[in-house]
Amino acid sequence: MRTLGAMAVMLVVMGTAIFLPFLLRSRDILGGKTMTSHVISVVETSQLLVDNAVYNTMKRNLKKRGVLSPAQLLSFSKLPESTSGAISRAAEIMETSIQVMKREQSQFSTDALSADILATIANLSGCLPFMLPPRCPDTCLANKYRPITGVCNNRDHPRWGASNTALARWLPPVYEDGFSQPRGWNPNFLYHGFPLPPVREVTRHLIQVSNEAVTEDDQYSDFLPVWGQYIDHDIALTPQSTSTAAFWGGVDCQLTCENQNPCFPIQLPSNSSRTTACLPFYRSSAACGTGDQGALFGNLSAANPRQQMNGLTSFLDASTVYGSSPGVEKQLRNWSSSAGLLRVNTLHLDSGRAYLPFASAACAPEPGAPHANRTPCFLAGDGRASEVPALAAVHTLWLREHNRLATAFKAINTHWSANTAYQEARKVVGALHQIITMRDYIPKILGPDAFRQYVGPYEGYNPTVNPTVSNVFSTAAFRFGHATVHPLVRRLNTDFQDHTELPRLQLHDVFFRPWRLIQEGGLDPIVRGLLARPAKLQVQEQLMNEELTERLFVLSNVGTLDLASLNLQRGRDHGLPGYNEWREFCGLSRLDTGAELNKAIANRSMVNKIMELYKHADNIDVWLGGLAEKFLPGARTGPLFACIIGKQMKALRDGDRFWWENSHVFTDAQRQELEKHSLPRVICDNTGLTRVPVDAFRIGKFPQDFESCEEIPSMDLRLWRETFPQDDKCVFPEKVDNGNFVHCEESGKLVLVYSCFHGYKLQGQEQVTCTQNGWDSEPPVCKDVNECADLTHPPCHSSAKCKNTKGSFQCVCTDPYMLGEDEKTCIDSGRLPRASWVSIALGALLIGGLASLSWTVICRWTHADKKSTLLITERVTMESGFRKSQESGISPQKAEVQDAEQEPAYGSRVLLCE
């Protein structure tokens, strides 16, 4: 009995020893003390994982600064600006932190994690500032000009439509783990009993067509798809992951065919002729607080699956011209201009007209051009401006139009500040983007019936409408335009015929080649080709030409990309529900059988191929299903995409407080003038063309379908003249150091609203009002912001030193490190430091000097008892040659040669020891 008792006591002691630490740790975790420190440790570890992956990405890019691969060009085209990049990084740190904690679920009770812990993770990762609602300014200016970021367009929902916020979800996403893993992530995951077909197989069997087999559109010009691409770049950009390497393990996404976040490679069939088994693909960045970031917390997991971010404003606001962040806007403006102009290219002109300025990054080189002479990419409001010359041409048109308008406004209203002229021109350019898109472009895409059904007439601003671009619109529906891209770039002469000196080019010969525009004729030949040559017709069995499926972004023989497969994979990455779910969303019937599918597609051969690949109608990817539908009458889309595009366009219009038709934005007279304007008028005012079609999107023959520019209506800008009297007691300031001001009226009084340039902070009253005694307060001043003092969110990576500059900051590296492409992180350049080269040179000189000294000492010591002579042999030889020539009568040259046979090191100037 005593033995049993002793054993029981021992078991209790052992059990206590084993379980007490865990119980104590659990108590501390539940209490918050240990858990908080553990969370800090996890976030710090995750930050290292993410930053190391980003660092390795930039280091690889630095080593590959020659001809870029297609995957690198795609990453470059989707490179986020600094604010988007910071949010993407924060989201990835937060998501990685949650993944670490998920692996520890066996140790911790996930239900015990509180909202405080979530806030701690969000704050430490850097996500929290982007999740909090912003403060909306309460000045008269807030109703006069739209903010560059779109924030506070809707004052009740300040982030609706703003840049760097999540894309809207019209249906819940479908992820294989319920909150983050894409469709097709797990090879053994079945949908209705079948795996999803590889996207490359879908491309090969259903989408791809040879360049020669395309059918041309007999109604619409090549300007139609180019405008669609341009407008898409105004309202949506989904940044890719900031890293092209896996966060766990750091493997390069271009070198692996395994799914390791953010790598989600496109698998190739086993019989593919390519040397690799897959094409690289990088997942889109998650928006802060979504996906894995929310799944661990019971109160968020059901409502907060992974969302993707839109780096641009959702609004039709000409962000292609002005950017979607203060940093980009600062780069684009000409701050020395008193008329509020945009920057232009200082190196090149197009027959006296401006080009876009250059960005710091080099684009694809001209053949044979030395590395130092490579033409940089163009700098515009959107980073994709250099993708193709046609897109760059449209960007350039609007740069010129802004400067034309701003110059005219300043001449009409000489009292306007530079900022007022800039904002008024920006306001008009934004309105023209809205008019051309909604009046001239969208009705052609939807057809008249669908336009009336889904868009209808404007009935005023509706603050309950969310204008945020939806995920399905950006990732699927509006990508219908890829099926209308022609494989050729046509450049025409002044008679609108093929240019003898500028032959047609295949699309892959113009990707990221701005030198084609600058050195080969400028804008005019490109614009003529867009106006007078047809677009590709979207035919069901000719959906996408091989320039896009086999040669996308190809600059050399190093790899390729496939746009169709990218679109399908992106839809799966974003968790878009299938084709039938979206038909049901739009009030259309589900199509469950091949016979039912044929009613919507009207092509039995294509239906059979679809069912053979997907096995079940509910498995069909929404982009393919919408693309395959037969057109509605007078449209260029089928019923599903007409519904999605129509709903989105109505939301963009009705949910925009600054829509041009809203009563407070323009006067009645100004709206009438704006309605007169058109894309052909913009072309007339900003190119050398003298004849244009009345509708830039309709294909026509020259000259019968073209009108003289004198016949194309234009706006009367005198309607923007301000006539209100200025009180002598309230004189406008001539300038504001490091800032600007605009004026407006509030309760019948003149008000000046001040703002500072990006990088400066306002000190004093933002708004001053004119009273009977003059301005009611002193004007504020703009003080430099010391970004380097921000220790919570330092502007530079820890590898770099932050140096404050006026209005900005600079990240500085120590030799031999150099700044990476984010201009914030120091990357090993792979060369020796300059100091090392200096040390090597000094060392060589020192060794040489010591050797010479040693040689002299040795010579003198060894010949101390002999006659030591230092000979400069060249001189001695010449002297002996002259002596011998005198004695023997031979020439000095011959005597010199004879001596040379006897003298050591003939001709040397080295001092020798004899």
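Keep in mind that glycine also has a Cβ here, set from the backbone N, Cα and C atoms.
Of the listed cysteines (CYS770, CYS811, CYS813), only CYS811 is recorded by Swiss-Prot as the disulfide partner of CYS796. Per Swiss-Prot, the Ca(2+) site holds THR313, PHE315, ASP317, SER319; the candidate it also names there, chosen from ASP222, ASP232, ASP234, is ASP234. Within the set CYS127, CYS136, Swiss-Prot assigns CYS136 as the partner of CYS152, by disulphide bond.
When ASN334, ASN373 are compared with the annotations in Swiss-Prot, the one labelled N-linked glycosylation site turns out to be ASN334. In Swiss-Prot, CYS782 is paired through a disulphide bond with CYS756, chosen from CYS756, CYS770, CYS802.
Across the domain 'EGF-like' (784-827), DSSP helix (H, G, I), strand (E, B) and coil residues number 3 helix, 16 strand, 25 coil. In the three-state DSSP reading, PHE315 (Ca(2+) binding site) counts as coil. The recorded positions shown are CYS152, ASP234, CYS586, CYS782, CYS802; of these, the one with its CA atom nearest the CA of CYS709 (disulfide bond) is ASP234. Annotated Ca(2+) site ASP234, THR313, PHE315, ASP317, SER319; additional same-chain residues within 8 Å of its Cβ mean position, judged by their own Cβ, are GLY150, ILE235, LEU312, SER314, LEU316, ALA318, THR320, SER324, GLY430. Of all the recorded positions in the record (THR313, SER319, CYS586, CYS770, CYS782), the one with the smallest CA separation from CYS152 (disulfide bond) is THR313. Fewest Cβ neighbours within 10 Å among the recorded positions ASN123, ASN271, SER319, ASN334, ASN603: this applies to ASN271. The Cβ neighbour count for CYS643 (disulfide bond), using a 10 Å radius and every protein chain shown, is 23. Per-residue confidence over the topological domain 'Extracellular' (32-834) averages out at a pLDDT of 88. Proximity to CYS263 (disulfide bond), defined by a C-alpha to C-alpha distance within 10 angstroms, is shown by the following recorded positions from CYS257, ASN271, CYS796: CYS257.
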